[in-house]
Amino acid sequence: MEFLDLLMLGFGEAMTPANLGFCLIGALLGTLIGVLPGIGPTATIAVLLPITFFLPPLAGIIMLAGIYYGAQYGGSTTAVLVNLPGEASSVVTALDGYQMARQGRAGAALAVAALGSFFAGTVATFAIALAGPTLSGFALSFGPAEYVSLMLFGLLAATILASGLVLKAIGMILFGLLLGMVGTDAETGAERLTFGALELFDGIDFIVIAIGVFGFAEIITNLERSGSEGVSVAPLTRLWPTREDFRASWRAVLRGTGIGTFLGLLPGGGATLASFSAYSLEKKVSRHPQKFGTGVVEGVAAPEAANNAAAQSSFIPLLTLGIPSNNMMAMMLSAFMIHGITPGPSVLTNQPEIFWGLVASMWIGNLLLVVINLPLIGLWVRLLTVPYRLLYPAILLFCCIGVYSMNNRIFDVVLAAGFGLLGYAFRKAKCEPGPLLLGFVLGPLLEANLRRTMLITQGDPSIFVERPISLTMLVATVILLTLMILPSFRKTREEAFQEEEA
Amino acid sequence: MAAPGSQKGDHPDLLTAGLFIGIGLLGLVMSRHLDFGSLARMGPGFMPRIVCLLLVAVGLLVGIPALRRPGVAIEAVRARPLIVITVAIVGFAFAVTHLGFVVASLWLVIAGSLADPGGRWRTVLLLAAGLTAFGALVFVKALGVQVPLWPV
């Protein structure tokens, strides 16, 4: 059983005291971020990215992954207790969760959410462990042409599954691609789009953009609509779920896990989409759909299982193909890069301890979340009463130190402030900044692979349709584009995201 | 749909179009001297130009229909947080290089707090002192960020 041996190797790596500690810190920090509204996981990871530079690679990545799935967990706690989803992925949890809390069943809702998440996390972790080697073996046969088609498909699919206007998302991706080209051209040595600034010859740092667009811009927008203080906390009862709750929810957890694991794999999928889909599926298959929204336990169990499963399984494309599927994974990709690891099929063969260590740590992290957080719920809730006025100076300071510490340059901080203003303008224009990061990360990869393909074929683009994998991907891309133009599909897509807006 | 007296046009979308077209044109101007190359041997100007052209096209696709739609206003811009936060960040960058971490951090927290009119001086000063001490210990001492603590 090679698979088990490798998993054991992973557990050996993840169980060292230091890595266990970073896993715990990450999970706790993630929960904290998830609980506090106004700080998203994207911004947090952007802030902490430079800090992980000082840690060993695996420890840094374990901690960042912990923040990511911890945030899914924390977001649901506040969704249930105060009807205030900390993250977009727990918006639907608030629908039934808060109603349960008002009926004095908060403890049951939280326990079901935690246990459902843990189960989903376990399944998704195994999915990564099983799918990883298979998919990366498959990916090893990819040539540059396949990568170009895969990236085109991924970028386009990401815009469709993300919320907001598709055209705007495409525009943001293009802008991201453009930003990725700033600096010295890798192939010809020509300097591009640098305004003649020496500091830009090496390109723009991912962290500068991420902190500017997510950190600084988010602080400014949040300050514009202050007055979010004074939340009423539903009374917390320490009730273990009843046998009835368990009976009603186990099927929902199973369905949620399935949907979540699958949707997490898709480009642009991820936790938010998964929780919405799981909730609507539950409503469809339920024998009492009219009761949804009044505090049914399935309405908590399914989306919670789904968002956790998706959060985990969205690591699969990154770890096996080296292609991030959403902006959180774009963050993780740059975290790997900081440590000199290029995610992709070769990691599994050359550095198996990184892959399996991360997989094992995810499972441990999920366990830690259940064991530690249920008793800590009271503390998290009290944190909600901390006003934003006291929080944002701290976030501001961490952002500034993070950007500055990369190269000790004034230039980077000023540039990040500039991206903050740009990010603010995009927010006013109702443009989701997430796709920008995806474009920025994939830009150089896309260009290099496109050049390589064209060089091999001496400028003959027919290679893209001659290679079967590439052709499949391109056909899928064309189908997506056609669907987008069809008005009936556009309408369904808008409806699917309507609950999110509400 | 539009309120009486309001202009026509979906303003957030028009702003989007303006940003996309502006960035695209800027990119085209800046990459004008770069070699385009051929399909077989792409020059450094190949991708930037294509991406910029697409960006302008997307900008037009977003902008033109928005002109005819009923008026939607952009959320009001509040200058105070926008200016205060930006000035605080830029000030931090210069202060941390020339005056050391302690001064820079105190400046950032105190100046940044002015963005929210509700703050009280005592809380702000306490917060500034606490965060500066925390930052100095965790980032400079423990994590080894290469910054002088005091003015040099």
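Every residue, even glycine, has its Cβ placed from backbone N, Cα and C.
Taken from TrEMBL as is:
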- A:20-438: domain 'DUF112' (DOMAIN)
- A:20-39: transmembrane segment (TRANSMEM)
- A:45-69: transmembrane segment (TRANSMEM)
- A:108-131: transmembrane segment (TRANSMEM)
- A:151-179: transmembrane segment (TRANSMEM)
- A:200-220: transmembrane segment (TRANSMEM)
- A:259-281: transmembrane segment (TRANSMEM)
- A:328-348: transmembrane segment (TRANSMEM)
- A:354-374: transmembrane segment (TRANSMEM)
- A:386-404: transmembrane segment (TRANSMEM)
- A:410-426: transmembrane segment (TRANSMEM)
- A:433-450: transmembrane segment (TRANSMEM)
- A:470-489: transmembrane segment (TRANSMEM)
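The average pLDDT the prediction assigns to the domain 'DUF112' (A:20-438) is 83.
Sequence-remote contacts of a segment are chain residues at least 6 beyond its ends whose Cβ falls under 8 Å from one of its Cβ atoms, and for the transmembrane segment (A:470-489) they are 145-146, 148-150, 152-153, 156-157, 160, 166, 463-464. With Cβ pairs under 8 Å as the measure, the transmembrane segment (A:259-281) is packed most heavily against A:108-131, out of A:20-39, A:108-131, A:328-348, A:354-374.
Counted over residue pairs 6 or more apart, the CB atoms of the transmembrane segment (A:45-69) and the transmembrane segment (A:386-404) come under 8 Å in at least three pairs, which marks the two as touching.
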